[in-house]
C-alpha cells in the first residue's frame, strides 16, 4: 500500500527512499554516532537513469506519480508475460519472489539486532530456508509427478524417505544453532532463530500454497492475484477522488470510501475477469506432467465449474434487468467469494505490514522497485489471499488428488488393497459405472 | 530505525533487561524493546520460591540442605514416574487428556516468560489473543485427528459431519478472526512489543502444540510408541546424571557446565540397553502393541488386534564374529535401538536449547510447578525433539497409509478418476496374483480390514 507521499515536493527524500526517519529525524545521526549499528542502508535515488532524464522536466511530485505509474505498468506487463510463458516459469518466479521476500525480512531482522558480527546467522537462516523449501517442493513433486518419480531410482528413494531426510536436514541446522550459541549473545541468537522461523512460516508456506493453487489451474493463480492488485488500485482511486473518512489509525491514508468503492469495483472486476479467462483451456485445466513427452501440459476437458450454465435470476433482479436467466460460469460465483475476501481481508495483511514497518521504524521493506519499495511491499496483501484460495479450493472445489490416492493405494498391504478393490467395485457397480460385461472381464 | 536507546545519557540501563547485571552484557542491549514507552528494570522473572509441600519439609527437617535437595528431587522423581505408570494403566483417553493438560501448562509457562520479558501487562488483549490462538490451533489439529481416526462416528452425526467436511475452512476462519483482532488491537506506542508477542505466541504454538499432537498420533499407533520414547528420554536423563556424578570429568558443552562426556557416553550405552529390554517387555502385551481403535458400537476405545509382524518373535542370526547362534527378538527391539540412539545423542540438544533459552532470558527455571525440578517445560525439554523423530520414523519406516482414509478419499473422487484407479488397481493386483486371472474370475468376499 501507499504509505509514502506525505512529504510532497521539496523534501530531499525521493519517493522510494526507505529512510527510517518517519517520526524522529534525529535517529539517524544518533545511531551512527553511538554504536554505529548498521541500519537498513539509506537508499539512494536509484530510479533508472533513462526515466530520470525523461522526467527531468516535471516537478518532483508529478515525477513521483510518473515513476510509480510507469513501474506499475511495467510490473503488470511482466505479469502478463510470465503467464504467457507457462507454468514452469511461473513456479520459478514464485520461488524467486519468495527468496527475495525472505532476504528482505531477514535483512531487517539483522539490522534490528545488529547481528552482523554473528556470521553463522546468515548461513543458518539460508540453510533453514533451503531445508523448508526442500521439504515442501519434495512433497509437491511427489504428489504431482508420481509416475516420473517412480521411474527414476534415486528419485524414488528420495521420495519414499522424504520426510525423514527433510527432518534430518532440519535437525542438523538445529544442532548447528545450539552449538553456535555464544556466551554473550544468547538472547540475540534466540531472537534471530525465532525471527527466521516466523519468516519461514509466513513467506515459504504462502509461496507453496500459491504453487498448489497454480497446479489446480492457472486461473486459480491469476484471478486471486489480479483481484488483490485491482483492489489496491481501485481503493486508491476511490480514496483519491472521494476519500474523506479515515479507516484505521494504522494507515492514515486509507479511507472508508476507498475501502467500499474498492470492494464493489473488485467484485465486478473479478466477475468480468473470470468470464474472460474461463473460456480458455490454458487457464482452466490443471497443470499436468506428461510422462511421455516430459513436458507440462494444460489440456483437458474443462470441469463443470467452467462450463456455461443457466442460472435463474431471483425475482427482484429479474424486474430490474428484464432477463429471466443468465448464462454464467459457476466459477464466476466463486470469484465473487474470492474478490470479497481480497477486498475485505486483504487490507488486513496490508495493515499488518504497515504495523510491522512502524514497529521497526522502516519506511519500506527494501528499495528493490523504484517508487514502490521492496518486493514485500507489493506482496503484503497477497499474504492471506494465497492461503484463503488454497483452503477454499480444498473445502469447496477439489476432491482428493488422484495420483496421490494411487500412491497411497500401492503402498498398502495386499489384503488391504484387496479390501479396497472390492469396496470400490461395489461402489462403482452401484453407480452403474461398471457394466456387467466389464465386471465379468475385470 | 533502531532508536532503541537514544535517550542521551544513561542509555545503557535500558537493556539490562533482566536479572543479573553481573554479566555486563554489552551486546545484549538491544534485546529489550522497551524503547518508546518505558524505562527498563524489567521485573525479574521471579525466582522459584520455596514451595515444597509442608509434609516433606517436616520429614526432612533433620537433614542438611544439600541432602534435603537430593531427597526432594528423588521423591518427586519417583512420584512423577508413578504418576506415569498410573496414567498408562488408565488408558488412552486419560493419556490424551494428560498430554493436553501438559501442553496447556507448557504454553502458559512460556507465554508468562514472554509477558515478563516484554512487560506486556498493560496490554490485556495479549493474554486473550494468545489463548485464543492456542484454542484455534488445537481445534485444527484435534479436528484433523478426529476425522482421521473416528471416521465412522463422524459420519453418523450430522453436525459432526458438517464440521468435518469444512474443517479446514472453519479453522482458517477462526484463525483469521484472531489475526484481524490482532491488527485492530495495535496500539500506537506499543507496535514493536505487540509484534514480538505475536511472534512469540506463534513460535510457542509451533513448538508446543505441534509436538503434543505428534505425541498423540504416535499414541494412536500403539501405546508402545508413546511409552518407549518417553521412557528412553527419562532414562537418558537419569543415567547421564548418574554417570556424570560418579565418573564425570570432561565438560561437554559450555552451555551446560554440569554435563560431561562421561555422562553423555555412559548415558548412551545404558539407554540403548534399557530401551532394548523395555521393548522386549512391552512387546508381549496387546494392550501396548495394538493401535488404539474406536469401537462405534460400544463407544469405547479398544486396544485389541492381531499384533503386526513387528511384535512377533523372529529369529535373527547373530553375526559370525559374536557367536554362531540365532536369537529370538522382536523386530521392534531393533527399532528401539534407533529410538534410543536418537534420544541419547540428539535429545540432549533439546536440553541445550532450553538451557540457552533460560540463560538468554536469565531465568533459572521455566516456572516452579514441581518442587525441586522447576516447571513442566523443564521436564519436557528433551522430549521436544523425540516426539517429532518418532513420528517421522513411524511415517517413513513403519506405517503405511491408513486404509480407511484412502477409501474415503477414493470415494471422494470423480467417477472417471475412480474408474481409472479401479483399472490400475485391478491390473496391479492381478500381477501380484491376488486376483485370479481374467478367465476364471469369481466373486470373492471382501476380506476384513485389519
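Glycine residues also receive a Cβ, built from the backbone N, Cα and C atoms like all the rest.
Feature annotation from TrEMBL assigns compositional bias 'Basic and acidic residues' to B:19-42.
Residues annotated as region 'Disordered' in TrEMBL: B:1-51.
According to TrEMBL, the feature transmembrane segment maps to B:70-102 (among others).
Residues 100, 103-104, 107, 111, 115, 167-168, 171, 174-175, 178, 181-182, 185, 187, 190, 193-194, 197-198, 201-202, 205, 209-210, 213 of the same chain lie 6 or more positions beyond the ends of the transmembrane segment (B:123-142) yet place their CB under 8 Å from a CB of it. Positions annotated as transmembrane segment by TrEMBL: B:123-142 (among others).
If you look up TrEMBL, you'll see B:169-187 (among others) marked as transmembrane segment.
Under the heading transmembrane segment, TrEMBL lists B:194-216 (among others). Remote same-chain partners of the transmembrane segment (B:194-216), defined as residues 6 or more beyond its termini with a Cβ less than 8 Å from a stretch Cβ, comprise 33, 96, 99-100, 102-103, 106-107, 110-111, 114-115, 118, 120, 123, 126, 129-130, 133-134, 137-138, 141-142, 145, 182, 185-187, 226, 383-384, 387-388, 390-391.
What TrEMBL records for B:222-248 (among others) is transmembrane segment.
Positions annotated as transmembrane segment by TrEMBL: B:260-283 (among others). A Cβ distance under 8 Å defines the sequence-distant neighbours of the transmembrane segment (B:260-283), meaning residues of its chain 6+ beyond its ends; these are 224, 227-228, 231-232, 235-236, 239-245, 247-252, 289, 310-311, 329-330, 332-333, 335-337, 339-341, 343-345, 348.
Feature annotation from TrEMBL assigns transmembrane segment to B:332-354 (among others).
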List, by number or range, the same-chain residues at least 6 past the transmembrane segment (B:222-248) whose CB is under 8 A from its CB atoms?
77, 81, 84, 88, 92, 95, 215, 258-260, 262-268, 270-271, 274-275, 278-279, 282-283, 287-292, 303, 332, 336, 339-340, 343-344, 347-348, 382-383, 386-387, 389-390, 394
Can you work out which residues elsewhere in the same chain, 6+ from the ends of the transmembrane segment (B:332-354), have a Cβ less than 8 Å from its Cβ atoms?
224, 228-229, 232-233, 236, 240, 253, 255-256, 259, 264, 267-268, 271-272, 274-276, 278-280, 283, 310-311, 366, 377-378, 381-386, 389-390, 393, 397-398
